[in-house]
Amino acid sequence: MSPKTETKASVGFKAGVKEYKLTYYTPEYETKDTDILAAFRVTPQPGVPPEEAGAAVAAESSTGTWTTVWTDGLTSLDRYKGRCYHIEPVPGEESQFIAYVAYPLDLFEEGSVTNMFTSIVGNVFGFKALRALRLEDLRIPTAYVKTFQGPPHGIQVERDKLNKYGRPLLGCTIKPKLGLSAKNYGRAVYECLRGGLDFTKDDENVNSQPFMRWRDRFLFCAEAIYKAQAETGEIKGHYLNATAGTCEEMMKRAIFARELGVPIVMHDYLTGGFTANTTLAHYCRDNGLLLHIHRAMHAVIDRQKNHGIHFRVLAKALRMSGGDHIHAGTVVGKLEGERDITLGFVDLLRDDFIEKDRSRGIYFTQDWVSLPGVLPVASGGIHVWHMPALTEIFGDDSVLQFGGGTLGHPWGNAPGAVANRVALEACVQARNEGRDLASQGNEIIREASKWSPELAAACEVWKEIKFEFKAVDTL
């Protein structure tokens, strides 16, 4: 073919590089109910206009590339491209902007969190025109939500399975997290459950190591569960971590847990991956297992305020992928969490409909159209003196998880569990009687400790423990 011959596909095609904003910045665009909406915190490189930066994000996370290509003429860019439809400055921050981007629903595979994230955040975060980029929030349209199964069971079904109502659930992470033999590990589980806890937990990095292979751990923990249930008359559980190096091995562990008749298994959803997590969630629903989710590795992604992905987005993704519990910070313990922001994504986990509320970091109204809710788990450096605040902040639909705050009791694991259960029951009773947990919390705990020697001992041990550090994300 002669170099001068013009094909139909090349009509109107002009090679070269053009500004993203000419195609992808569309402030006149009216968003559709079926669009996935994203709010990005954008920090452009010096000299890059915010409109160009926002348009670049929209382009590189949808149909764009660095140059004009002739195959653009073979499809409808207007139908498939992402659009930066609004930009606003971030108050109090120099050269930072919130760029709002709308994505057509046809860009995403149904029921795949993996594909959604691959498109929206898979490539654009290394873009040279940006100094930093953070995904602050997503609006998932109802049409897309309905393609997901979501949590295996949800909050109400879990309460019915456990026959426990009107209070937060109590848990404990077995410590030391690594090094115990399976038999000693099972003994610690039994003591905690016998003392009054609802759940005990594998730590996130307990998988199948030389000192404790997974099958041995599962067997001894199942024995502990059944023994504690027989003695207390309550349904008990232990989060058996099924996370493994392959999906096949993960499923083998989940199947063995089901055969043992235990109520719940666990997965590290970020290190394990969304595809593995969704696979496990589907199995758990089909086989009556609850699924506890640990967020190991989240701070690598969400801790910095100007780069990464906010945890509220990871929480939404988990609700879509599937999990009945997820760790959500404490506000009061050793791990970071601002109260209003934390409660914002806690509501996104539990509630069916959440209104836009920028004061709590919620950029979009979200309708989950009856997708089951997820119980937030508060854990990390908490003890009995935190119980009133935790009960007030998280409410009944939560799991309060005390690791060192149970196993660090001077009299042992079972008395540590007793102390936590007594403290919780005292706080719930006081709240139900109309007392203010925020102002009277310490008094409520002291009153309960007068008739519970286990609680009195715990109060004495942890009376001066505080975690007061400056947040590193101010750097």
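Just so it is clear, glycine is given a Cβ too, placed from its N, Cα and C backbone atoms.
Since this is a predicted model, take the numbers as computed values, not measurements.
The C-beta environment of Lys175 (active site, proton acceptor), restricted to residues of the same chain at least 6 apart in sequence and closer than 8 Å, consists of Asp203, Gly403, Gly404, Leu407. Per Swiss-Prot, the feature active site, proton acceptor maps to Lys175 (among others); the stated evidence is sequence analysis.
Long-range Cβ proximity for His294 (active site, proton acceptor), meaning a same-chain Cβ under 8 A and a gap of 6 or more residues, is found for Glu204, Asn241, Met266, His267, Asp268, Tyr269, Ile326, His327. The annotation active site, proton acceptor is assigned in Swiss-Prot to His294 (among others) on the grounds of sequence analysis.
Cβ neighbour count for Lys177 (substrate binding site) (all protein chains, 10 Å cutoff from its Cβ): 14. According to Swiss-Prot, the feature substrate binding site maps to Asn123, Thr173, Lys177, Arg295, His327, Ser379.
The feature Mg(2+) binding site is assigned by Swiss-Prot to Lys201, Asp203, Glu204, with sequence analysis given as support. Sequence-distant neighbours of Lys201 (Mg(2+) binding site) (same chain, six or more apart, CB under 8 Å from its CB) are Gly171, Cys172, Thr173, Ile174, His238, Tyr239, Met266, His292, Gln401, Gly403, listed in sequence order.
For Lys14, the entry in Swiss-Prot reads N6,N6,N6-trimethyllysine, with the evidence type sequence analysis.
Feature annotation from Swiss-Prot assigns N6-carboxylysine to Lys201; the stated evidence is sequence analysis.
What Swiss-Prot lists as site 'Transition state stabilizer' is Lys334, and the listing cites sequence analysis.
Packing around His327 (substrate binding site) is summarised by its Cβ count: 22 other Cβ atoms lie within 10 angstroms of its Cβ, all protein chains included. Under DSSP, Ser379 (substrate binding site) is assigned to a strand (E or B) in the three-state scheme. Counting only same-chain residues at least 6 apart in sequence, those with a Cβ under 8 Å from the Cβ of Arg295 (substrate binding site) are Asp268, Tyr269, Leu270, Phe311, Leu314, Leu318, Ile326, His327.
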